[in-house]
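Visitor: Annotations per Swiss-Prot:
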- LYS11: active site (ACT_SITE)
- ASP135: active site (ACT_SITE)
- PRO93, PHE94, GLY95, ALA96, GLY97, LEU98, GLY99, GLY100, GLY101, SER102, SER103: ATP binding site (BINDING)
Amino acid sequence: MKHFSVKACAKINLGLLITSRRDDGYHTLETIFAPIEWHDTLEFTESDKIGMECTNLDLPVDDTNLCIRAAKALQDYAGISKGVSMKLVKRVPFGAGLGGGSSDAAATLNALCRLWEIDVPSAVLHRLAVKLGADVPYFLEMKGLAYASGIGEELEDLSLALPWHVVTVFPEVQVPTAWAYKNFHRQFERPVPDLKALVRRLCDDRDLSVLDAFENDFGSVVFENYPVVSQVRDTLEASGAQFVSLSGSGSAVYALFENRALADETAEEMAGKFRVNVTPAGFRME
């Protein structure tokens, strides 16, 4: 009986600029995705049906779960009746803007191609991923920094890794994505900076002067309405970090540090109140 486990890493957004609202209600955006070491573990075992258990009992394991949906979508595409027993060891907070559920779904697609021994064209996997969630393709296809546009599904591999240590803090509150999109302050008419060029200057040249361009359009409304998220931001800004930002629509906040010892010290101080992760400089997903 085949059995193996895989990691499903989270992400942060370096800048998140919402550029328009489409007729179908979705918003277009530009962002830089960067992976962080904070990860879930998924275990896959051959079975005669699709089933799942999770270490976090607050997460449903029915057809609303992205891993179950990913497995059934792949099963339907391949026209097979094989099953899988999945166990999700959940570490990445949900409702945090870290893409944990999307990463789990992407890991499921990749793992089941291996477990079920099916050869699925990359274009088909991409389409299945987009149907599951706009940022699922990032976790499916990329290892390091990527530029994303459209609704987040149009990707360009930048072949870069962040040269800073990343401290990511979950303030123990969830920000509903739908609420964030309904309430953010629209700036559709503003000129959009060239995020790809700026992130190359940031990573290749260590040009810290470009950091102010990496705004997150959800930041102001989330900080205004969630005092604990604002508190986490203020603490990180006072710690000596080079840059502090909301990730996605929140609630997680991250900080970039040049000095690993300072990153570890800051994380240790905050770990008494919040869940915290430190990702080393140069990190890429496996």
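Every residue number used here counts from 1 along the chain in the order it is shown.
Using N, Cα and C of the backbone, Cβ positions are placed for all residues, glycine too.
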Visitor: Need the DSSP three-state call for SER103 (ATP binding site) to compare against my parser.
Guide: helix
Visitor: Once the chains shown are all counted, how many other Cβ atoms turn up within 10 Å of the Cβ of SER103 (ATP binding site)?
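Guide: Looking across every protein chain shown, the total is 29.
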Visitor: Taking the binding-site residues one at a time (PRO93, GLY95, GLY99, GLY101), which has its Cβ surrounded by the most other Cβ atoms within 10 Å?
Guide: GLY99
Visitor: Taking 10 A as the limit, how many CB atoms besides its own sit near the CB of ASP135 (active site)?
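Guide: Excluding its own Cβ, the number within 10 Å is 26.
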Visitor: Counting across all protein chains present, how many other Cβ atoms fall within 10 Å of the Cβ of LYS11 (active site)?
Guide: 29
Visitor: Take the mean position of the Cβ atoms of PRO93, PHE94, GLY95, ALA96, GLY97, LEU98, GLY99, GLY100, GLY101, SER102, SER103, the recorded ATP site. Which other residues of that chain put their Cβ within 8 Å of it?
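Guide: Here the nearby residues are ALA10, VAL92, GLY248, ALA252.
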Visitor: Rounded to an integer, what is the Cα-Cα distance in Å between GLY95 (ATP binding site) and ASP135 (active site)?
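Guide: So the alpha carbons of GLY95 (ATP binding site) and ASP135 (active site) sit roughly 14 Å from each other.
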Visitor: Determine the Cβ neighbour count for GLY97 (ATP binding site): the number of other Cβ atoms within 10 Å of its Cβ.
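Guide: 30, counting other Cβ atoms within 10 Å of GLY97 (ATP binding site).
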